[in-house]
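Student: Here it is: the structure, laid out below.
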Amino acid sequence: MLIIDGKKVSIDLKSELKVRVDEHRAATGKVPGLTVIIVGEDPASQVYVRNKAKSCKETGMHSSVIEMEASTSEEALLSKIRELNDDPDVHGILVQQPLPKQIDEFAVTLAIDPAKDVDGFHPENLGRLVMGHLDKCFVSCTPYGILELLGRYNIETKGRHCVVVGRSNIVGKPMANLMLQKLDATNCTVTICHSATKDIPSYTRQADILIAAIGKAGFITADMVKPGAVVIDVGINRIDDPSTKSGSRLVGDVDYDGVSALASAMTPVPGGVGPMTIAMLLKNTLQSFERANNLQ
Ligand SMILES: NC(=O)c1ccc[n+]([C@@H]2O[C@H](COP(=O)([O-])OP(=O)(O)OC[C@H]3O[C@@H](n4cnc5c(N)ncnc54)[C@H](OP(=O)(O)O)[C@@H]3O)[C@@H](O)[C@H]2O)c1
């Protein structure tokens, strides 16, 4: 079985991005800039934000983190976003989720200038993706990273049946819509399953490409997978494991040991889709910079 190594691809991709950033710096004296806003003190969010800032620096991009109190009002956050929308040195704006209860996440998504929405969550970007204008939008980073992995591993997609389990706005829906597009790297027949789907195994067993984005450890078991399928595991779940020093470990939505015995290719957790998400955020930020400076 082929292990689709997202860690390695993300390192390669970040090196490629760094070359482009260095070229732009030499030619224009400017570099792409990403600003991340974090509201409150959620420890997991703080780790994500630190990792994003670190990766930005590794590729030579500028990054800044704006920390706001957990009690911040929606209007105060929207006003900060408007300020960043108008700042020509900021090419990407990301508001780390989850947000405190008093803030409407959709209002925040709508407030970000679509031209700086490097998360690809704004309806304008999602709409352009659905209409197939991938060169004129930002694609949500996790689905975009999966597309990059499929491409770099030369996974045949045209005419194949892709089953996506999960329909969130940030993973399942954009992923399914991407796989549906009439592009060389996609062009699949697509089925989407969710919590109200009856008899999920009857669909997953038909998948040539199975993408699991559910958030339930080991949900996809070997009896749900067609022999030879390509299996992409988006899930990140922490489970108890007394044999580890921390007492827990990360696993995906796919039962790795069982499914890897019959899949033709598979992403591991950790080290599969996860590292690609940050790499694609940087790719989107570079793309925003290039668009803003007519460097494409
Ligand atoms: N690797 C990465 O970089 C990355 C990025 C984002 C997310 N993730 C991980 O990916 C997973 C999914 O993330 P998300 O943001 O898409 O989660 P989400 O918003 O909670 O969505 C989960 C989806 O799974 C469906 N689902 C839940 N239980 C199900 C069941 N028993 N049978 C069938 N479908 C079920 C839900 O269906 P309904 O719509 O019917 O409720 C929903 O559409 C999580 O583990 C998350 O941590 C990883």
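From the backbone N, Cα and C atoms, a Cβ is placed for every residue, glycine too.
As annotated in TrEMBL:
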BINDING   GLY166, ARG167, SER168, ILE236  NADP(+) binding site
DOMAIN    4-119  domain 'Tetrahydrofolate dehydrogenase/cyclohydrolase catalytic'
DOMAIN    140-292  domain 'Tetrahydrofolate dehydrogenase/cyclohydrolase NAD(P)-binding'
Student: Near the Cβ of ARG167 (NADP(+) binding site), how many other Cβ atoms are there if near means within 10 Å?
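Tutor: Its Cβ has 18 other Cβ atoms within 10 Å.
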Student: Helix, strand, coil residue numbers for the domain 'Tetrahydrofolate dehydrogenase/cyclohydrolase catalytic' (4-119) per DSSP?
Tutor: 61 helix, 18 strand, 37 coil
Student: Greatest CA-CA distance (Å) over the residues GLY166, ARG167, SER168, ILE236 that the record ties to NADP(+)?
Tutor: 16
Student: Give the helix, strand or coil assignment DSSP yields for ILE236 (NADP(+) binding site).
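Tutor: Once the DSSP labels are grouped into three classes, ILE236 (NADP(+) binding site) ends up as coil.
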Student: Sequence gap of 6 or more, C-beta under 8 Å: which same-chain residues meet both conditions with respect to SER168 (NADP(+) binding site)?
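Tutor: Residues satisfying the criterion: ALA213.
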Student: Once the DSSP letters are reduced so that anything not helix or strand counts as coil, what is ARG167 (NADP(+) binding site)?
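Tutor: Its secondary structure by DSSP: coil.
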